[in-house]
Ligand SMILES: [Zn+2]
Ligand SMILES: [Zn+2]
């Protein structure tokens, strides 16, 4: 097939690839195995990729072309076939499969249509090297200013009596509005402890009052209790809050629900910590619906993220200055001065994430965020200002190219970046950065805080009560 003759790039490519690289039952089986061993959202991506390649084969076989794919009847068919694939591959219960394919349908098909990737590349980009080939090192490089890197000053402990700040670090609250005490804590859905999880049988555990060690999120009372507790253990100078507000019921979320959860939790934090404590938020991958769906700012209209970013800007206006709200509305990131000598950068890490299917359209520095970061860091270096970076997904879990560019930036500005704070993994850990020349000299640390939610099998967590962050 001559690709140049094809009118609709992706789907014609799809049929081409189907001829040259037919996806066998075996590789679908591999995907299925991977689907069962990874998080539910990963499984969804598997479903879409396996499903779309399977559809490609079906379309080649039946000689129907994707030219008319955009019409709603065909979209309907695609969603139906994918839901069937989800059910037959036992990725989830039938109800969850049908809801999720419906929820993802419009945006994923739109992104696929705009993508110039071959299906195997799309698969590799979204799922990983196990299901296709995509050159993650296919270079896109941010440009660093010509200003030479200042000499490295080895870190030393601050002198006794240096000013200190107490910083609270909250992440991954995941409030479940439908959490129900006494419901089944073990169920087949991706999230349990809810009314529709069923009633526990004599052998099965049931949802507790405060929470449960299972795949369950939290009732509001636990979130509120935690906030009361941290308010008492103050005073706090400021708070880092790195995202993931809604529950893991990703198959049944609406924009209205996501926004109402954002509003309720934001106001609750404000109420308990008081008007004198400034909270600096970052955007998690669960804030949007469909989950992980963060179109870059080049996407306009109803498909864009304006519905989310505008509400965030409204709700977070008491904490953030106008200039920060402006870039928040544009791309979900911002910078501001916390105090003289210390600047904050809040990154929208959804633009680095493999699971954000919008990156199929273009994964090169989405929203020019890293290039913007370089400008901010250079300006801070010029002023002798230190910078803290916060975000949701830790940089080591990003797409390869994004991750290496970030690593390069941290290397260049090691004298300016005084701290990095992330969430998303739900566990208390850290990621190390070393010098690029020898990979032996540690030069920066990204702290990853434990989640407030118990999902999965965890204790609720927060960080900061025992830590004094010294600004030097
Ligand atoms: Zn989370
Ligand atoms: Zn997350």
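Every residue number used here counts from 1 along the chain in the order it is shown.
Yeah, the Cβs are placed from backbone N, Cα and C, and that goes for glycine too.
Long-range Cβ neighbours of residue 244 (Zn(2+) 1 binding site) (same chain, at least 6 residues apart, Cβ-Cβ under 8 Å): 171, 172, 173, 174, 284, 285, 286, 287, 392, 423, 424, 451, 453. For 172, 174, 244, 426, the entry in TrEMBL reads Zn(2+) 1 binding site.
Annotation source TrEMBL lists Zn(2+) 2 binding site at 244, 285, 392, 424. Its own atom aside, the Cβ of residue 285 (Zn(2+) 2 binding site) has 21 Cβ atoms within 10 angstroms in the protein chains shown. DSSP classifies residue 285 (Zn(2+) 2 binding site) as coil under the three-state reduction.
Under the heading disulfide bond, TrEMBL lists 86-97 (among others). Neighbour density for residue 97 (disulfide bond): within 10 A of its CB lie 23 other CB atoms from the protein chains shown.
The Cβ of residue 187 (disulfide bond) lies under 8 Å from the Cβ of 197, 198, each of which sits 6+ residues away along the same chain. Summarising the annotation, TrEMBL assigns disulfide bond to 187-192 (among others).
The 10 Å shell around the Cβ of residue 216 (disulfide bond) contains 31 further Cβ atoms across the protein chains shown. In the three-state DSSP scheme, residue 216 (disulfide bond) is classed as coil. Annotated disulfide bond per TrEMBL: 193-216 (among others), in sequence order.
Shown in sequence order, 349, 352, 353, 354, 406 are the residues of the chain, 6+ apart in sequence, with a C-beta less than 8 angstroms from the C-beta of residue 398 (disulfide bond). The feature disulfide bond is assigned by TrEMBL to 352-398 (among others).
Under the heading domain 'Calcineurin-like phosphoesterase', TrEMBL lists 166-427.
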Name the secondary structure element type, per DSSP in three states, that contains residue 86 (disulfide bond).
helix
Where the C-beta lies under 6 angstroms from ligand 2, the matching recorded positions among 187, 244, 285, 352, 424:
244, 285, 424
Take every residue in the domain 'Calcineurin-like phosphoesterase' (166-427), average their pLDDT values, and give the whole-number result.
95
Could you state the CA-to-CA distance between residue 86 (disulfide bond) and residue 426 (Zn(2+) 1 binding site) to the nearest Å?
27
Which one is it: of the recorded positions 192, 193, 216, 426, whose Cα lies the shortest distance from the Cα of residue 97 (disulfide bond)?
192
